Amino acid sequence: MLDINTIRQHPEEIISMLHNRQLASEEPKIEQLLNLDRERKGLVQRSDDLKALRNKVSKEIAEIKKSGIGSSGELILQMKSVSEEIAGMDTSLGHLEEEIETILLGLPNKLHPSVPVGRSADDNQIFKEPISFPYHLDFPLKNHLELGKSLRILDFERGAKVCGAGFPVYIGKGARLERALINFMLDCHTERHGYTEVFPPFFVNQESLRGTGQWPKFADQVYHMEEDDLYAIPTAEVPITNLHRGEMLDTKTLPISYAAYSACFRREAGSYGKDTRGFLRVHQFNKVEMVKFTRPEESYEALETIRENAEAILTALKIPYRVLLLCSGDISANATKCYDIEVWSPAEQKYLEASSCSNFEDYQARRANIRFKSESNAKPEFVHTLNGSGLATSRLMVSLLEHYQTAEGSIMVPEVLRHYTRFDEITQAAE
């Protein structure tokens, strides 16, 4: 959530940001917000004046009663009327506060100066040129769907029978390979990169979604259990960030770095017309997430660290990839700056997003009220929050299967995963 003081002082900058994000239609909300804010200020001032008058007259009434000289009846009637007026103002003030908060919750984050201005994904900049590794794929390639079916390690049809399209089933050595990926990534982040592992809940309340910015703007993308009023998490970012919701963090503990595995659930509303085959777009997938809480002056250095940590996984797996710096028209509403890491699919002949690494500055912390004090007597400040996929396994699995396939139709397991799988190859004989 944006700081309303920033909007008051620099409304033109916020309007420019909306235009750069291709959200010019949201511009009237800024004027509406400022009008409501002025109305609120006037109401607060009037209410405070009346409360001061009530306090003053209440003392006069007490003096009259104490002295026994004169009558306080008329003053009491006047103050009853004043109290009723104050109560009405407080009710109106509550409604105004709700309107203001609704607008603030719907506004996107500001943008970092380094974010390129652009209209769509076509305007994203290549931050790191494609990183390649030597593969000898000089034979007719199978895509991940064909490999999964022929080796009996993936079953999308039975997943659809159980739950509907978009819910894959991993079988036998496919399940072992998926588990190996998750364990390898967690071990890298905790043992090499210094993150603390967390195993979070897979369901959260609405306040948690609100804290990280998925609610109310992206309410149509999350699965809701109506009876218990809980939501399936779209990413571990939600429960992990909200671990510290409403807390005052000790500056000595910053930065805080967490790594977490979770299943992720997304309705993918509006995906009609997009490529939804196999792992390309699913409703349930596995992901290892990195989340950081930092001091404001350290957050952009932390963003580069998160990106490098995600890249380290792909380098170890020898998966070809590239890094994009997202433009203003493609970056998520919550982020001030974001890198996308894309893996190469040799069968599809295109790049697939496998990780997003974002800095939210104080946008989430303000919504979730996560603060710290730089010194014991200092004014509390909001922390900066960051997150990055480290990584999502679904599209990573696409690239892995397709790059590590052989002419005979088997899959060689990447060397760094063999310690976890306890096998080197997946062949037609897989169970």
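Placement of Cβ uses the backbone N, Cα and C atoms for every residue, glycine included.
Remember, it's a predicted structure, so these values are computed and weren't measured experimentally.
If you check Swiss-Prot, you get these features:
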BINDING   Thr235, Ala236, Glu237, Glu289, Ser389  L-serine binding site
BINDING   Arg266, Arg267, Glu268, Val282, Glu353, Ala354, Ser355, Ser356  ATP binding site
Write out the long-range same-chain contacts of Thr235 (L-serine binding site), meaning residues 6 or more apart in sequence whose Cβ is under 8 Å from its Cβ. Ser262, Cys264, Lys287, Glu289, Asn387, Ser389
Expressed in angstrom and rounded to a whole number, the L-serine site built from Thr235, Ala236, Glu237, Glu289, Ser389 spans a maximum Cα-Cα distance of 9
Long-range Cβ list for Glu237 (L-serine binding site), cut-off under 8 Å, min separation 6+ in sequence, same chain only, gives Thr212, Glu289, Val291, Asn387
What does the structure give for the C-alpha distance between Arg267 (ATP binding site) and Ala236 (L-serine binding site)? Integer Å is fine. 16
Once the DSSP letters are reduced so that anything not helix or strand counts as coil, what is Thr235 (L-serine binding site)? coil
When the binding-site residues Ala236, Val282, Ala354 are compared by other Cβ atoms within 10 Å, fewest goes to Val282
Where among the binding-site residues Ser355, Ser356, Ser389 do you find the Cβ with the fewest other Cβ atoms within 10 Å? Ser356
What Cα-Cα separation, expressed in whole Å, is found between Ala354 (ATP binding site) and Ala236 (L-serine binding site)? 15
Taking just the CA atoms, what is the gap between Glu353 (ATP binding site) and Ala236 (L-serine binding site) in Å? 18
Distance from Ala236 (L-serine binding site) back to Val282 (ATP binding site), taken between C-alpha atoms, in Å: 17
Largest C-alpha distance in Å for the ATP site residues Arg266, Arg267, Glu268, Val282, Glu353, Ala354, Ser355, Ser356, as a whole number, is 19
May I ask which residues of the same chain, at least 6 positions away in sequence, place their Cβ under 8 angstroms from the Cβ of Arg266 (ATP binding site)? Gln221, Val222, Pro234, His283
Pick the one among the binding-site residues Glu289, Glu353 whose Cβ has the fewest other Cβ atoms within 10 Å in this structure. Glu353
